Amino acid sequence: MAGWFGSSTNSAFDEQIERATSSSLEDMPLNLEISDVIRSKTVQPKDAMKSLKKRIGHKNPNVQLATLNLTDTCVKNGGAHFIQEIASREFMDNLTSLLKAPSTIAPNNDVKNKMLELIQSWATAAEGRMNLGYINEVYRSLQREGYHFPPKENIASSMLDSSAPPEWTDSDVCMRCRTAFTFTNRKHHCRNCGNVFCGACSSKTIPLPHLGIMEPVRVDDGCHEKLTIRSRGAPVPRPFDTPKPHKTLYQGAMEPRSARVDDSFDADLKRALEMSLEDAKGTGSSGFVSQSQLQSKPKPSTNGSSRKEPQEEEDPDLAAAIAASLADMEEQKKKYTTTFKQQTASSSAAAPFVAPKNDYELTPVEAENINLFSTLVDRLQHQPPGTILREPQIQELYESIGKLRPKLARTYGETMSKHDTLLDLHAKLSSVVRYYDRMLEERLSSTYNQAGAMYGLPAPTQRPASNLYPSIQSGAPSGAGENYYTGNASQSDPYGRPQSHYAGGYQSTSQQPYRTPGQSQEQYPPAQQPSQPYPNLSQQAPPSSNYQQSSPQLQRQEAPNQQYPPQQAYPSQAPPSTVSDAESANYYYGDNTQGQPSQPPMQRSQSFASQPAQQQPPSPQMYNHAPPQQTPLSPPAYQNPSYPSQQQTAPPPQQQAPPQQAPPPPQQQQWQQPAQTQTQAWQPAPYAAGGYGPESFPSAPQNQLPPQQQKVVDEPLIDL
């Protein structure tokens, strides 16, 4: 830009400054013209500052005052680049030197006051700007030295904001069509945005009055479109008078879209109107047709005017029908308007019933006054005493707010009543929710009780476990084996297969080998002993030498459908020994006697139902049994564990064992535990030694409770 200016330009600018700062009256248009020249960067800002500084040092006070006014005008309209030159040390130190000059060469008092006024106003407007900080330094230094400034005026910082031509940017390609610059394709800068473009994209010229440029200057196509749209207020189609060698997609995308959208919308609208007119003209029977339209229609080539006569005959009827329909439409419109007016009137009449609360509610203005008063009071707490007396606005606010006390008190009372109502409603809602939860719990408990009664659970407060089979509550017999770990009844995995030996338990009756298959079976069914899952194998634990007589292939697990309470699991201490076929048979059917004949299967199932009437306290001798006898496996009906709580009947005298086999009393207490811990799902434990797993036996059938026969006494059981 420096190539634009020369000595001729500076001399012309100096002449303009001399004419503007002559001793005559102030020429405001000339001052604005000079500021536009500075803002348009026609003259360098440093040269303009030097010219003004030279003119301020004139001996004539009128010239000095006019120069100071011109400087203020240029500061407010010359742009940021000129303000930085005014805020430089060269210009500000010149002003301070004139203020501090001796009385012989000191300027007039009016000139001094004008300088102080301008310095104060410039410093106020330059607060917060780092590049103009030297003005504030000069202002504070003059205050410390005791110079009396005029009353301070609040001047916004936007006073120094003025539009100026932007700084020029550089690029290797056109910033519009992206064409590379070459020796023939030269760079051109847009005076509006400062970007660089090729000659094809920056061929427009337009004056820029908002930047102080009154003569037409080069701008690019995008800025030209923006400025012309802004000036005319309507979209202008883009002229194509200049040939553009490189037309690219980017260049086309920069074109304004508003003109294209408007043209397409107008074309669509015109086409729609034409189609509607064609449809209206084509339907001759839809309404009255004028004679001009009938004459303009071409006559059909066939049949002459054979179809025209009936149309002319039907025209009066059609006209009458159309008139009747129009009359009906008018009546409907009138009815609609009347009903609509009535509705609006009723709504407007009902509207005042909603607004009685406005009498005591605070208006936004009153609320704002209250907030303002509170803010002022908070600020006055940090002020010296007596400040409140010098502020009449605070007194006026206090008087106006004092009148609002009754309204504020009433509003506060209404708010408190609403708060109490809200608390009451919340309490009611919480009580209702609590009652509802209680009702749900009662329904759930009743549902669980019904389910327990269906499966034969005697305890109404016991909640059934999430298992497939119902639990059996029975009095556990005394004299059972201790737990291996705790000495108590086993609580984990109560359905594992009992092993051959026990730690701390009672020994075998005579430590004899098991009986041969020729001996008699026990006559009690296994379902009568739910509290002792495996009486035959658990009570007779002969040495390992006795187990060698039996077959090693019959180590089996219990039937999957038998469910036993968790207290009757017998952990093994010694490695499991082999069990004979008779043992496995008695494992399912039980053998409590030594010499009794086996009871038929049907008698077992019947006598099982008759056991509640014959329940007696258990004794330790009932767990000492003879070796089992070979017995075929029975159907799963004999193994049904879903009966109610059963207890072992008193054994006959044949079951009496020697006294050395009686267990100590703590073992009897271990078996007499609450029945609530017996509701655990059956989970068969795997055998430690190889044998038959759960898959070797039938799966658990979903058996219903068989009907119990009341007061059925099995005579052979009583005799024995």
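Glycine residues also receive a Cβ, built from the backbone N, Cα and C atoms like all the rest.
Cys201 (Zn(2+) binding site): 24 other CB atoms within 10 A of its CB, across all protein chains. Summarising the annotation, Swiss-Prot assigns Zn(2+) binding site to Cys174, Cys177, Cys198, Cys201 and lists sequence analysis as the type of evidence.
Taken from Swiss-Prot, the feature compositional bias 'Low complexity' covers 290-301 (among others).
Residues annotated as compositional bias 'Polar residues' in Swiss-Prot: 506-518 (among others).
What Swiss-Prot records for 519-555 (among others) is compositional bias 'Low complexity'.
Positions annotated as compositional bias 'Low complexity' by Swiss-Prot: 562-577 (among others).
Taken from Swiss-Prot, the feature compositional bias 'Low complexity' applies to 594-614 (among others).
Feature annotation from Swiss-Prot assigns compositional bias 'Pro residues' to 650-667.
According to Swiss-Prot, the compositional bias 'Low complexity' annotation covers 668-689 (among others).
Residues or ranges marked as compositional bias 'Polar residues' by Swiss-Prot: 699-711 (among others).
Marked as domain 'VHS' by Swiss-Prot: 18-150.
Taken from Swiss-Prot, the feature domain 'UIM 1' applies to 264-283, supported by sequence analysis.
The average pLDDT the prediction assigns to the domain 'UIM 2' (313-332) is 80. What Swiss-Prot records for 313-332 is domain 'UIM 2', and it gives sequence analysis as the kind of evidence.
The region 'Disordered' feature in Swiss-Prot is assigned to 230-262 (among others).
Residues or ranges marked as region 'Disordered' by Swiss-Prot: 280-316 (among others).
Annotation comment: Swiss-Prot describes 479-720 (among others) as region 'Disordered'.
Sequence annotations record features per position, and here Swiss-Prot assigns zinc finger to 168-228. Here the zinc finger (168-228) is broken down by DSSP into helix, strand and coil counts: 11 helix, 18 strand, 32 coil.
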Out of Cys174, Cys177, which has the highest number of nearby Cβ atoms, where nearby means within 10 Å of its Cβ, if these are the binding-site residues?
Cys174
Residue counts in helix (H, G, I), strand (E, B) and coil for the domain 'UIM 2' (313-332), per DSSP?
20 helix, 0 strand, 0 coil
Take the Cβ of Cys198 (Zn(2+) binding site) and count every other Cβ within 10 Å, whichever protein chain it belongs to.
25
